[in-house]
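Over in TrEMBL, the protein carries these features:
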ACT_SITE  His64  active site
ACT_SITE  Glu116  active site
ACT_SITE  His120  active site
Amino acid sequence: MAMLKSSLAFLVLASAFFLCFIMSIGDGSYDYFQFVQQWPPTNCRVHIKQPCSNPRPLQYFTIHGLWPSNYSNPTIPSNCTGPQFKKILSPQLRSSLMRSWPDVESGNDTRFWAGEWNKHGTCSEQTLNQMQYFDRSHQMWSSFNITKILKNASIVPHPTQTWKYSDIVSPIKKVTQTTPLLRCKRDPAKPKSQFLHEVVLCYEYHALQLIDCNRTAGCWNNVDIKFQ
Ligand code: 5GP
């Protein structure tokens, strides 16, 4: 009898935890923001099934997204119940975003923005409405020019040179006074070889102040990084 009781209690507890986990995926509670910028040539080299629509990818870091994230699991929340994307961006903001947040894969900027808003923006709608979400993202992109920061540290695209993770993090950290996160893509043509793909800056709950990012698996440890 006691055995049956404890099994039942365990089952109830496990179901409650599972239910909480499922609910937290899409309920819009989050701890901080990841502001993710990408290096378009890496997208076009390794990321996608179809070739990029632009044969010469942009040579500067562009926005991938602004992602409300949880410390316990940075990939959630997502696809929350907030209002879906509306095409009501002002002409001025649209033209800013076409520079800072282009669709570097298929060239359909509005569809890319809609996808990012619906998957991520809906989860922080209580903090940033759609207009504020895109406006703030563009401001973040303008405040720290990652391409220029790296260039000033002599980190520029090169066909053979490689860098250590810390070589790339260090100049960004110096300028932003916080620790960024790097994400890499493995080179499909060479085992144990990786390209720099994304630079993540982290912001606190209100998306106003930079904070240190927690290092999560984004690049292989101890494998030099190609930037091409
Ligand atoms: P997430 O959904 O986590 O924001 O981003 C992952 C998806 O965004 C991936 O499917 C990736 O291919 C896509 N993605 C990243 N950059 C671009 C881009 O510039 N254009 C398009 N269309 N998709 C992108």
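Please read every residue number as a count from 1 along the shown chain.
Just so it is clear, glycine is given a Cβ too, placed from its N, Cα and C backbone atoms.
No curator has checked TrEMBL annotations; they are predicted automatically.
Glu116 (active site) counts 22 other C-beta atoms within 10 Å of its own C-beta, drawing on all protein chains shown. Counting only same-chain residues at least 6 apart in sequence, those with a Cβ under 8 Å from the Cβ of His120 (active site) are Gly65, Leu66, Trp67, Pro68, Ser78.
In the three-state DSSP scheme, His120 (active site) is classed as coil. Long-range Cβ contacts of His64 (active site) within its own chain (separation 6+, distance under 8 Å): Val36, Gln37, Gln38, Glu116, Glu198.
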